[in-house]
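Per Swiss-Prot, these features apply:
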- GLU58: thiamine diphosphate binding site (BINDING)
- ASP457, ASN484: Mg(2+) binding site (BINDING)
- ALA2: N-acetylalanine (MOD_RES)
- 407-488: region 'Thiamine pyrophosphate binding' (REGION)
Amino acid sequence: MADKSETTPPSIDGNVLVAKSLSHLGVTHMFGVVGIPVTSLASRAMALGIRFIAFHNEQSAGYAASAYGYLTGKPGILLTVSGPGCVHGLAGLSNAWVNTWPMVMISGSCDQRDVGRGDFQELDQIEAVKAFSKLSEKAKDVREIPDCVSRVLDRAVSGRPGGCYLDIPTDVLRQKISESEADKLVDEVERSRKEEPIRGSLRSEIESAVSLLRKAERPLIVFGKGAAYSRAEDELKKLVEITGIPFLPTPMGKGLLPDTHEFSATAARSLAIGKCDVALVVGARLNWLLHFGESPKWDKDVKFILVDVSEEEIELRKPHLGIVGDAKTVIGLLNREIKDDPFCLGKSNSWVESISKKAKENGEKMEIQLAKDVVPFNFLTPMRIIRDAILAVEGPSPVVVSEGANTMDVGRSVLVQKEPRTRLDAGTWGTMGVGLGYCIAAAVASPDRLVVAVEGDSGFGFSAMEVETLVRYNLAVVIIVFNNGGVYGGDRRGPEEISGPHKEDPAPTSFVPNAGYHKLIEAFGGKGYIVETPDELKSALAESFAARKPAVVNVIIDPFAGAESGRLQHKN
């Protein structure tokens, strides 16, 4: 009788085929929380060389996946269990959607035979993700897996980047297929992948844009995280240097050109946007962050040249001139057009001089405030010390993750970015809770860089348990917590607000004063510091930065420093 192993070809299940498909299509990292029915999928992915970073919560894992997509230009992969795991993962998927970052969420789901019967964690997950997914696929048979994986990966990076979703039922994950057939399916998918078609000629739009910039008396270049995602830093540098036009980065555009660049208008923002007559806006949306491009913040007659990869965005904003295209490509074409007939404002140009003068004045005023050693700490004193410590780091610039109200607002003005994609913050939605996930994504995507998170205590609390994840993977991340005892700080209520049967309860904005956040990481073997003076903070930063090990620096802040809602109190 023949040995059965000699006659039966080797087989694999759906878990292995998902892992194989991801690996063959270039995926190197995954983030997620395992459980029924996807634990084996994570293990199989690791066995094939994919690094799986296991989190405590799908929200943080999803935020990590979205940021990884931005930092690398490749879709970040989130793996979740079914039902509530998928729902928790929506935080990351929606974050990718609103920030236009490539990401794919893969969730297990209940057995197809049990749909509608109240199965374990049953949910119509395709319907649940619809609002935040560019493309949602469900593999109904094991043989569909490679094609489904390929489609969601490709769609995530096509056109305007964003999140996609792949649903894999439990029975499909368990379904068997011969290894030879599986390999054939994966190979066929690899061969059939097509690059996104390049849009037709932009010659007329490029000529019009250059003409507008050439004739402008007070031109301004504005760029955002879309330009950073596009890797447009070299093209932007060339454009600014050949034209002498001042530039203004949005918060996550900082670093594409150094904040210290002579043509930076960051410290003269109000003057720059209020007086410019032509604004070239690249990879940045005219949303609330840029005051919708409307007066009184902007001149009512300003002419916008809007460069965006999304035609829908241009149709929404109705600029004077819209150019649909990738930021790197379009800026390169502008440079080529200008080269044929160069123009440069020059440092002595009145517009350039006025921007430079105002930036210098505002910078000097800020430095006077920063130079003061205020104890108990306000926000400025520790932020200056952190800035100086980050600038002193040798080698590649650290990635700065910023989250909070006052903490993020002050950090945006004080911390200096010199290299592209070295600042991650709450983004388009102003999302709190992204901090630790972003830190982990940055540490994984750029292992040669130190990651420094500057967090408010409220923002830190959303994902604080992920400090264990930092320690478990020994990531070079230092978390600096601005501990002012609550959301915005201490109890700021007026007498008329303190009444009723629960008036003795803490204010809705209050936390336990002087909480020992540094002890949380110590519970897992990381290093914790508590600091209340400039010398203590300098010492903690010097030691933790040099060690490049997981650490939490707990900075005690005056609970009444800062403002409620930071710079957005008018919206509260």
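Heads up, residue numbers simply count up from 1 along the chain you see.
Note that Cβ sites are derived from N, Cα and C of the backbone, with glycine treated the same way.
With DSSP classes pooled into helix, strand and coil, the tally for the region 'Thiamine pyrophosphate binding' (407-488) is 34 helix, 16 strand, 32 coil. The residue listed as 'thiamine diphosphate binding site' and ASP457 (Mg(2+) binding site) are 21 Å apart (CA-CA, integer value).
Of all the binding-site residues listed here (GLU58, ASP457), it is ASP457 whose C-beta has the fewest other C-beta atoms within 10 angstroms. Computed over the region 'Thiamine pyrophosphate binding' (407-488), the whole-number mean pLDDT of the model equals 97.
Using a 10 Å radius centred on the Cβ of ASN484 (Mg(2+) binding site) and all shown protein chains, the other Cβ atoms total 30. Cα-Cα distance from ASN484 (Mg(2+) binding site) to GLU58 (thiamine diphosphate binding site): 28 Å (rounded to the nearest whole number).
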